[in-house]
Every structure is written in C-alpha cells, then in structure tokens.
C-alpha cells in the first residue's frame with residue numbers, strides 16, 4: 001500500500017535517459033544499503049512509456065490544469081461579467097460550489113487511477129524507489145541513478161543551499177532571508193518632505209503601480225514565466241534537456257536561494273578535455289523567454305567552455321516569480337554553487353548574458369568583483385525607455401514609477417560598479433531593444449550602455465569631442481563604414497595601448513581613470529574610438545538569432 005500511495009502522489013516521469021558510462025569508474029562510490037540497483041540497458045534510449053491507464057489519466061489532469069490556468073488569467077473579466085449578470089448572489093453561488101466540489105472529487109479519482117497505472121508499470125516503480133532512497137540518503141550513487149530520470153522538478157532533492165558555504169554562516173555581509181543587496185533608485189521627487197500627508201497622497205499611485213507590476217507588467221517583461229507558454233514549449237524543453245544530458249554529459253542540480261525559491265540548473269564540465277577554454281566556466285543568463293534547455297548556453301558549449309545554465313524564477317523547473325530581487329537572489333546562489341560546489345575560482349568564471357539576462361549578469365559583476373569577465377549580448381542600459389516604447393504616451397508617469405519601484409533593471413548602473421573586462425555585442429538589426437525601428441541603429445539601447453560605461457571609466461577621454469567621434473562610429477551601418485570612420489581619425493592602436501599601459505602602471509587599475517586630461521583633441525578622439533571598438537562588437541542579426549560560436553570572444557584587457 002505504501003508503494004501504491006507513493007505512485008499516486010509521485011511526480012510525473014518524462015524520460016529515462018540513455019545509460020552513460022563516461023567517467024563512471026571515476027565517479028562511482030561503494031554502494032550503500034539504501035542504494036537501488038540501476039535500470040537494465042533495455043529500458044534506456046526512449047521517452048518513458050506510460051501504460052494506458054496512466055496515459056489517459058495524465059491527459060485528463062493536464063487538460064484540467066490548462067483550463068485552470070485559462071480561468072486564472074481570465075478571472076477578472078469573468079468576475080466582472082458574472083457580477084453584471086447577477087450570478088454572484090448566494091442562491092447562485094451555493095449550487096456552483098457543489099459542482100466545483102464534485103469536479104474536485106472526480107479529479108482526485110482520476111489521480112488515483114493514474115497512481116494505479118504507475119504502480120503496474122515496473123519502470124515507474126523502479127523510479128519511485130530510487131527517488132525515495134535519494135530523499136532518505138543523498139549518497140553519490142543514489143544521486144547518480146536519479147540523474148538518469150527526467151521528472152517533475154518539484155520532487156528533485158535540493159543539491160545546494162544558499163547558506164552552505166562556511167564563509168556565510170554567521171556573516172553579516174552575506175545575504176539574509178530578505179534577499180541580497182540591490183541598488184535602489186533615487187526618489188522621484190527630491191527635497192520633498194516625507195510627511196504623513198505626502199505618504200497618503202502617494203498611496204493611490206503606489207497601489208496602482210504595485211497592481212500593474214504584479215499583473216500585466218511582470219508577465220509582459222518575463223513571458224517565459226506564463227504557465228501556458230511553458231506548457232506549449234514542454235516538448236522542446238525536454239528535447240533540449242535530453243541533448244544536454246546525453247550528448248554533453250550535463251548534470252542537473254536544484255539550488256535553494258535565500259528567498260526560498262528553488263533554482264533549476266544544468267552544468268556541463270569540460271575541465272577534463274584537452275581544450276584550454278574548458279578550464280573557464282561560463283555562467284549563462286537567459287532572456288525573458290529563454291530557458292537553458294534551448295537558450296544561449298549553446299554558444300559557449302560549441303566554443304568548448306565549461307557551462308553553467310540556470311532558469312529564471314518561475315521558468316520551467318525554477319520556482320517563484322521573476323522580480324528583480326528574486327532574480328538577484330537566484331544569481332547569487334548560482335555563483336556560490338559554481339565556486340563552492342563545482343570548484344571554480346572567481347578568476348575562472350565568465351558571466352555571459354543575452355537580452356534581459358544582462359540584469360543578473362551585471363548584478364553578479366557588481367557583487368563578485370573578482371570574476372574574470374562579463375559578456376553582454378543584445379542587452380540594454382535601462383528598462384524605462386524600452387517600457388515607454390511599448391506603452392501609450394498617456395501612461396508615461398505610471399510606467400516610469402512602476403518600473404523604478406518594482407521592475408528596476410538598471411544594467412548600466414550596476415555594470416559601472418565592475419572593474420573587470422567587459423564586451424558588448426550589438427545586434428545591428430535588433431527589433432527589441434531599439435526605441436524606434438530596427439533600421440535606426442542609433443536607437444539601440446546597447447549604444448547607451450557602451451557610452452555610460454566608457455563615460456564612467458574614462459571621463460577625461462569621453463568629453464564632447466570623444467563622445468561625438470564614438471557616436472559617429474556607432475552610427476555606421478556596415479563594417480566598411482566603421483573602418484572608414486576609424487581610419488579617418490587615423491587611430492594609432494599601438495599608441496593607444498602604450499598610453500593606457502603607462503597610466504595603469506603609474507596610477508593602478510581601478511576606474512575611473514583620468515587619462516586624457518592633458519591630451520590633445522585628436523588624441524582624445526583616437527583613444528575614444530579605440531576604447532569603443534575594444535568594448536563593443538557588432539553582429540549583423542536580429543535580436544533572437546543565436547550567437548555563433550566564432551563570435552563568442554573573451555573581452556579585451558590591457
């Protein structure tokens with residue numbers, strides 16, 4: 001009976017991976033009493049095949065889940081309609097509650113039938129035995145056997161806890177359960193006394209901003225967190241996971257962040273290969289509808305690097321909702337996992353982000369200043385201009401307030417706190433992070449990210465003359481035009497490098513630098529163009545085109 005109950009309450013099993021013998025001898029440990037025999041080779045190399053009873057019951061429950069999701073998103077309109085029609089009276093609600101109760105009982109019966117179908121399937125019984133054994137004892141052998149299954153990630157045991165690093169226990173500087181530290185926006189109205197009357201006046205606007213951010217705003221900003229989209233993408237995500245596990249020998253892990261969210265990660269270790277770049281770990285931060293299963297992790301993988309991918313809170317196997325605080329909390333535990341469990345030094349870690357992933361990437365760069373480098377692909381400086389682009393002009397004040405208070409993705413501000421090498425990849429046909437049309441390359445917010453970074457690091461170089469020269473270079477629509485502008489100002493790269501190295505040797509590496517203070521106008525122009533070209537590379541593509549491996553380059557440094 002205990003096993004039958006486990007089958008009723010157990011997670012859905014999606015796939016049984018092919019047996020992987022790579023490095024088995026090196027990773028295996030003596031079998032413990034709680035370890036379970038491995039599955040026979042005949043059961044591998046296919047999706048899990050449920051029996052007819054389980055299959056049909058699963059279909060009914062999945063359909064009910066979709067209907068519930070549709071009802072949830074349409075509930076405000078349905079409530080308004082029922083109220084107008086007078087269906088919310090007690091005489092109408094009581095019979096409806098009876099119908100709802102009957103439906104719940106029927107669904108519970110379907111779940112029991114599904115459990116019986118699982119109980120009659122030897123594959124599922126073996127899986128649930130391994131899962132229960134792993135929850136009792138997370139030995140290396142049990143976890144190795146569990147990794148051969150792809151199932152509902154909610155039942156996966158936690159592999160790494162945010163408090164696990166010994167340096168954080170009792171530390172005042174580390175994150176608390178309230179979350180890691182974020183840069184807070186300045187008050188919208190400076191100098192205004194924060195009296196009780198002013199607070200009361202602001203309350204309606206604050207309530208409106210909160211409701212907009214937690215309903216429409218969050219789902220527009222992170223559509224990948226919408227359940228219906230995840231349901232539609234499920235077959236693609238399962239195929240992507242199978243590729244990472246079976247072909248790349250990826251290892252999945254669940255991390256517990258300081259806010260209680262569980263973060264779904266995938267690690268591909270290339271340190272045992274002959275390629276030197278395998279010693280570097282690239283942590284990938286996906287876009288607003290990206291998942292590590294099918295996202296930007298493929299670029300550094302093809303380039304031969306070790307890779308750690310993770311899903312935003314609320315995406316696929318990760319729990320929670322993707323607000324900035326939760327995003328930063330998730331990124332923090334991912335970096336801690338890379339350092340303290342995977343064994344990478346911060347100097348061997350590169351943060352690579354695509355699009356909206358630039359927020360967590362720049363937060364990690366700001367919070368972990370010893371990391372090797374940051375690569376931002378198709379990212380932006382600040383969310384407000386992009387949010388104003390897609391909303392009506394009459395909503396400008398509401399949109400600005402909502403973003404600043406609840407969805408403040410201040411990438412440029414965070415990036416300027418990082419002292420290490422940075423590379424920006426600008427898509428020349430980007431249709432997402434341009435504020436006008438894709439053809440208007442000067443409206444690409446990647447330009448503003450570059451200018452803010454250079455103005456912070458080299459303020460004496462990025463004066464009016466240097467800024468004008470860089471803007472002309474950014475306006476170039478082709479490589480030929482770029483080279484023409486570069487040669488017009490007769491940029492001497494050897495001279496630029498010697499000037500920068502001399503300054504660094506005398507004053508140290510910390511930014512901002514005062515280099516260019518006593519330099520001629522032509523010298524500042526040359527240096528500004530040289531620095532812009534070293535910090536930004538163009539890629540002739542739209543926003544969602546995967547970055548080819550040959551375009552994945554480490555940032556320039558002296």
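Cβ from N, Cα, C; glycine included.
These numbers come from a predicted model, not from an experiment.
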Per Swiss-Prot record, range annotated transmembrane segment [choices 18-38, 39-59, 60-80]: 60-80
Range among 93-113, 114-134 that Swiss-Prot annotates as transmembrane segment: 93-113
Distance from residue 355 (active site, charge relay system) back to residue 507 (active site, charge relay system), taken between C-alpha atoms, in Å: 35
Rounded to the nearest Å - Cα separation of residue 355 (active site, charge relay system) and residue 430 (active site, charge relay system): 11
Distant-in-sequence neighbours of the transmembrane segment (60-80), which means Cβ under 8 A and at least six residues beyond its ends: 88, 107, 110-111, 114, 227-228, 231
DSSP three-state assignment (helix, strand or coil) for residue 430 (active site, charge relay system): coil
Mean per-residue pLDDT computed across the domain 'AB hydrolase-1' (281-407): 97
Other CB atoms, at most 10 A from the CB of residue 355 (active site, charge relay system): 24
Conformational class of residue 507 (active site, charge relay system) under the three-state DSSP mapping: helix
Residue 355 (active site, charge relay system): secondary structure state under DSSP, collapsed to three categories: helix
